[in-house]
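Chemist: One structure, pasted below without further comment.
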């Protein structure tokens, strides 16, 4: 199979033989960006599927661009189709992205920092631009899910307001606004905005060992699952503080207030300890802990 036929595809699927022929064998007058992945169902790599979708968007944006040239090609190597390539490059994780320049061997900067930058097509395009000077304008297929959900939410809110048009006192309820503000703060402090900007993977699964990591080991990056965990822990600590406040200020009988006090202390101590444990796991050498080491 000649390269002239292969380049017609947005993403070229490579095995060991094609990799050695079109990537390793010099000379070349083109660069190749390869995603090393594990898409077979038995690998159960959900992150690989998400990354592949973004990679396909990037490759199609380049392949069908008016600026398309033969300077850069995009390819994939699946673990089950090219395990020898993984062994050749001493790779033990997927997905991974490597740029193979036209001249010379890949440098450290030719390996994409997936855990730091995420696998969003826009982030990959910036990295490709840095490595090849080829600027790719990412074009995404239309996605109407967001506008439809927003329209549905506004319609529900408008309908409820219309049904209760003669009694809108709930709009002046301090508890409703306090709860809404608290939810917003918890969402923002858990890192959801970082997820939206960087597009990190939900978790990381080692294709060799099958071990799944939900907490990123670096302080410079995070997984989506990690933000959900932090959101839950922060919510539990907040609930504990609310229970303590109610136990101290409510007019309930002393027995119920004691129960609320004990529950509040338990929530704060347990989940704050877990939060510190996560912090220690990401900031190695952090000397403090609480309850849990």
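Heads up, the Cβ atoms here are built off N, Cα and C, so glycines get one too.
Any TrEMBL annotation is an automated prediction that lacks curation.
In case it's useful when we look at the structure, here is the feature table from TrEMBL:
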- 144-163: transmembrane segment (TRANSMEM)
- 175-194: transmembrane segment (TRANSMEM)
- 229-247: transmembrane segment (TRANSMEM)
- 259-279: transmembrane segment (TRANSMEM)
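If you look at the structure here, what lies around each of the features I listed?
Modeler: Below 8 angstroms of C-beta separation, residues 200, 222, 226-228, 230-231, 234-235, 238 of the same chain, each at least six residues beyond the ends of the transmembrane segment (175-194), sit close to that stretch.
Residues 182, 186-187, 189-192, 214-215, 257-258, 260-261, 263-268, 270-272, 274-275, 278 of the same chain lie 6+ residues outside the transmembrane segment (229-247) yet bring a C-beta within less than 8 angstroms of a C-beta in it.
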